[in-house]
Amino acid sequence: MKLLKILSLVCLSISIGACAEHSMSRAKTSTIPQVNNSIIDQNVQALFNEISADAVFVTYDGQNIKKYGTHLDRAKTAYIPASTFKIANALIGLENHKATSTEIFKWDGKPRFFKAWDKDFTLGEAMQASTVPVYQELARRIGPSLMQSELQRIGYGNMQIGTEVDQFWLKGPLTITPIQEVKFVYDLAQGQLPFKPEVQQQVKEMLYVERRGENRLYAKSGWGMAVDPQVGWYVGFVEKADGQVVAFALNMQMKAGDDIALRKQLSLDVLDKLGVFHYL
């Protein structure tokens, strides 16, 4: 009888010890990602602290929305899309046969806002150079009625185009939030927008920026100069080697004279710190 009691006490002691060790192990493993995430957040925040601008950087991996920056409320605030609307414009135009991906849009010989725009472009080339007149011509071909119905069909932003079919994304009334932007480009990356698969693939290829290892970056910039305060965008997604897609949207207040390359550079720096698109 005494032997049974001794054995019972030994087993109980071992069981308690094992449970305590398991609890300590769980506590240790659960704190590691929290520390890492905290360090990552601090490193990203340091990037935004270096710039004197209201800004937010939003990421979306198909499940989670994350926000970084100096003014996180901008993530849910609507702004004109500026040239990031070229993505939707191209999708609508190609889907409705208003242009092809190989068509040459001829320059009319008149000086444009940037001298680099004074030449012929395909839609893809105009996407890369952000050539506004080419996409204004595409919008005029689409026309106000079709443009309005298409924006409603795909649920783009506030779906308002007003009376000027070649100005509404530059001056308003069309607006979109950074969260809406990341979800839109995420669906494009996955081929899940309500457009033909081949159309989505064509537009996706127009957005290609660079490759690092097996990871690929696709993006479009935007600068709304016709509104006050001015707004800057850098919107896109990274396709990682394992097939994961991470969409992102930088939205920031800008002013005349700001560095035109800041939006892209800041986005690349943030993506690097987040471990999404590392510098090699």
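Positions of Cβ are set from backbone N, Cα and C atoms, glycine also.
Neighbour density for S83 (active site, acyl-ester intermediate): within 10 A of its CB lie 21 other CB atoms from the protein chains shown. Annotation source Swiss-Prot lists active site, acyl-ester intermediate at S83.
What Swiss-Prot lists as beta-lactam binding site is S83, K86, S130, S221, W223, R263. For S130 (beta-lactam binding site), the count of additional Cβ atoms within 10 Å of its Cβ stands at 19 [all protein chains shown].
Annotation source Swiss-Prot lists S-diacylglycerol cysteine at C19, citing sequence analysis.
What Swiss-Prot records for C19 is N-palmitoyl cysteine.
The N6-carboxylysine feature in Swiss-Prot is assigned to K86; the stated evidence is experimental evidence. Under the DSSP three-state reduction, K86 (beta-lactam binding site) is assigned to helix.
Feature annotation from Swiss-Prot assigns signal peptide to 1-18.
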Local Cβ density at S221 (beta-lactam binding site) - other Cβ atoms counted within 10 Å: 21
S83, K86, S130, S221, W223, R263 excluded, remaining Cβ within 8 Å of their centroid (beta-lactam): A82, T84, K220, G222, W233, Y234
Most Cβ neighbours inside 10 Å, all chains, among the binding-site residues K86, R263: K86
Cβ neighbours within the same chain of W223 (beta-lactam binding site) - under 8 Å, at least six residues apart: A82, S83, Q230, V231, G232, W233, M254, I260, R263
